[in-house]
Amino acid sequence: MGTNVVVVGTQWGDEGKGKIVDWLTENAGVVARFQGGHNAGHTLVIDGEQTVLHLIPSGILREDATCVIGNGVVLSAEALLEEIRELEARGVPARERLRISPSCPLILPCHVALDHAREKAKGKAAIGTTGRGIGPAYEDKVARRGVRLSDLFHRERLAQKLGELLDYHNFVLKHYFGAPTMDFQEVLDQALAHGEELRPLTADVGALLTAEMRTGRNILFEGAQGTLLDIDHGTYPFVTSSNTCAGAAAAGTGVGPRTLDYILGITKAYTTRVGQGPFPTELDFDDEMGMHLGERGHEFGATTGRQRRCGWFDAVATRRAAQINSLSGLCITKLDVLDGLETLRLCVGYRCQGELCETLPSEVETLSECEPVYEDMPGWAESTSGIERYEDLPENARAYLGRIEELVGVPVAMISTGPDRNETIVRQSPF
């Protein structure tokens with residue numbers, strides 16, 4: 001039997017999952033996306049060449065990997081086709097390697113328009129979405145009025161569903177937000193054209209994955225965003241619109257939860273966040289340490305281009321993420337960004353309303369008032385960039401990683417020491 005591995009982010013996204021997934025696909029026959037949409041930006045660097053994927057699983061660059069987009073993903077057909085064409089222009093036969101669940105809810109132009117209109121109306125209180133229609137598409141899914149990929153293959157069915165949907169959303173756009181409305185015929189024609197192109201790529205994803213498991217192929221489930229952005233367990237309402245935890249891998253692809261063998265949590269050696277919301281260990285952009293992390297780590301979002309907020313490693317939040325996901329191992333990324341710092345700080349608790357707290361508050365209002373309690377550790381002057389053996393790391397770097405293991409309660413299985421796939425230390429292979 002093969003091994004089924006789930007990769008999830010343990011922070012607020014941008015942990016470096018794309019590179020690690022790409023590295024792990026050497027041992028995976030199938031790579032599956034199970035939630036989110038094209039709001040996720042996975043950056044891969046292979047032989048110095050950078051590729052940013054938003055929807056298609058990172059394994060698409062592997063010749064022998066089958067890539068799957070599961071039913072838990074909200075699908076922008078336009079964005080997907082654009083990504084497919086970009087890959088084909090680079091000589092990657094994406095259509096041959098990609099299969100998509102026909103049950104995927106679609107992101108339509110009205111969802112993007114609603115996303116922008118809402119953020120504009122909220123002003124300074126805006127959540128800081130990517131503006132790509134993810135939230136409104138998930139809303140329609142839950143409200144049972146959404147259009148699915150399979151609807152694009154049936155003109156009359158699509159016309160009826162789309163007409164009802166646009167009547168609803170155009171009313172809100174026009175009378176509530178004072179925003180332009182969507183033209184029914186234009187949206188219908190575009191959707192039908194997308195359906196023609198995507199129909200050959202559809203498959204029963206649950207059945208496909210189950211069949212692959214029976215043949216003994218390893219399967220990698222690729223998460224997007226991060227645990228602290230989970231719609232239920234994250235810093236609500238400053239979260240994404242899907243379940244980003246490991247449990248969603250089963251529901252978002254149609255396989256049973258007992259088929260998941262190993263859960264790998266990706267975390268930076270420090271912490272970053274894009275958009276609004278509480279961030280206890282945040283450092284100011286003009287702070288010397290905050291500037292170091294931002295500049296050395298090239299902390300700009302792959303999807304939005306926004307500068308990421310940077311701070312020290314938060315062991316309290318990561319420990320909670322480890323519990324929610326039942327992590328088997330941690331992968332620490334961007335360790336090399338900490339090179340040259342004299343002192344490193346680890347958040348080991350919070351001081352909330354005068355009391356010491358060692359767990360992550362569930363209410364965002366309480367978390368916003370929390371002050372980090374730090375434990376200082378000595379840094380290292382040596383470069384860790386490109387190191388591929390754990391024993392070759394500086395002694396203080398190994399001590400830092402060991403302390404993270406103790407605080408989070410999960411072994412460090414992998415360490416990334418640079419953006420290239422080869423700049424990776426493996427202590428325990430998930431496969």
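Heads up, residue numbers simply count up from 1 along the chain you see.
Any Cβ shown, glycine's included, is placed from N, Cα and C.
Binding of IMP is attributed by Swiss-Prot to D14, E15, G16, K17, N39, A40, G41, H42, T130, R144, Q225, R306, and within the candidate set T66, T202, T240, T281 the record adds T240 to that site.
It is N39 that, of the binding-site residues N39, T43, T130, Q307, T417, has its Cβ surrounded by the most other Cβ atoms within 10 Å. Neighbour density at the Cβ, taken as the number of other Cβ atoms within 10 Å, is lowest among the recorded positions H42, R306 for R306. Sparsest Cβ environment among the binding-site residues K19, R308 (other Cβ atoms counted within 10 Å): R308. When the binding-site residues G13, K19, R308, L335 are compared by Cα distance to N39 (IMP binding site), the shortest distance belongs to G13.
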